[in-house]
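A.B. asks: Among the features that TrEMBL reports, domain 'OBG-type G' is placed at 54-336. The ATP binding site annotation in TrEMBL covers 63, 64, 65, 66, 67, 68, 263.
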Ligand SMILES: Nc1nc2c(ncn2[C@@H]2O[C@H](COP(=O)(O)OP(=O)(O)O)[C@@H](O)[C@H]2O)c(=O)[nH]1
Ligand SMILES: [Mg+2]
């Protein structure tokens, strides 16, 4: 059966979707000499960016605190960055800023009119129960939602509360994690077996196609062994060619996972003393996944308080910061993402790139024309920019470098692109 799959390929870019039109001028210093058509960006830009931002799906069994956490993340995000174009695309999808103190520092130095953080889309994916891969609960609908995200945040209930029913009758993180893993594994197994059957029957004669299919087949043969054993596809090491070969399948168990241990407020100060948290910690490390401890309830309550009272409330629980910043940051890091900045009077902006991206590719995240017409990038490390106080001072001190098309952009680079189209 032909199946069309919409999945995300980790493309933090608006490139192809937005035509370059002259309705918004980004004022970056020192660029005016290079090209007449440079830096003119369509206003539809921000809308397009939103739809292309990275997606993290919040999953877990019913009543573990997914929606509570989702709402807290979204509400907190709104409060963090008033300038940011937040929106709730659907009731269960929210866009949140990636907190980054460097943004405000740069913005002040450049006297920017606004500061625009990098963003991540969070999706509250309801409906997972045992048997989802066989169509129980929302079943396949639920699984198709997971297929569309770049990373998975699994909320695991570690709080005891007799008033809140646990679907399996008791709080048991290991069993919860197993249930979800198995549903994802079953779903992938089904897909991989079908695909392998198809590849075995393939009559491709084009050498290029043949080579690609061979790589895909060899990857799937390794993966199927892991899946049969209940292990995720991501536990298998694959060559680059094999990884490329299976990317189109958007396998659920290839996606990176962060476990969120949702604890009672009384456990927040010392989460390690809760045996459920210990279980999640051990499993997360076994599964080579990240772990964050939060109290979704506390986070939800915090969003209702004025900022000055939040610190007091957190202090009364024995902690000094909210867990949401950590969660958002961890999600960003889990995806292997980096940030570079553009900074000028008009705005200071954090841009998301994958690690290893070259200067033209990084420029392409702003607009495909920037990549196509790339000439050079003037680049200064964040600390050097802050120490110098401006692009021109950085240039005088020899801290601003002119980099070519092979330059690999580093975390925190502050950049000016010269391009010509
Ligand atoms: N005691 C306690 N209750 C929580 C916590 N997190 C969520 N809840 C409650 O658990 C119930 C289910 O939460 P919800 O977020 O709707 O769960 P979901 O089904 O996973 O989306 C709600 O009544 C929440 O108020 C927590 O950290 N502690
Ligand atoms: Mg819910």
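Even glycines carry a Cβ here, placed using N, Cα and C.
Each of these features: where is it, how hidden is it, and who are its neighbours?
C.D. replies: Mean per-residue pLDDT, taken over the domain 'OBG-type G' (54-336), amounts to 86.
Classification of residue 66 (ATP binding site) by DSSP places it within a helix. Within the same chain, residues at least six positions away from residue 66 (ATP binding site) with a Cβ under 8 Å of its Cβ are 58, 59, 60, 124, 125, 126, 155.
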A.B. asks: For residue 67 (ATP binding site), write down the residues of its own chain that are at least 6 apart in sequence and whose Cβ falls under 8 Å from its Cβ; none is a fine answer.
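C.D. replies: Listed in sequence order, they are 124, 126.
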A.B. asks: Enter the number of other CB atoms within 10 angstroms of the CB of residue 263 (ATP binding site).
C.D. replies: 27
A.B. asks: Filtering 63, 66, 67, 68, 263 (binding-site residues) by proximity to ligand 2: which pass a Cβ cutoff of under 6 Å to any of its atoms?
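C.D. replies: Result: 66, 67.
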A.B. asks: Which one, from the binding-site residues 63, 68, has the smallest tally of other C-beta atoms lying within 10 Å of its C-beta?
C.D. replies: 63
A.B. asks: When you measure from the Cβ of residue 64 (ATP binding site), how many other Cβ atoms are you left with inside 10 Å?
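C.D. replies: Its Cβ has 27 other Cβ atoms within 10 Å.
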A.B. asks: Below 8 Å Cβ to Cβ and six or more residues apart, same chain only. Which residues does that give for residue 65 (ATP binding site)?
C.D. replies: 155, 157, 159, 262, 296, 297
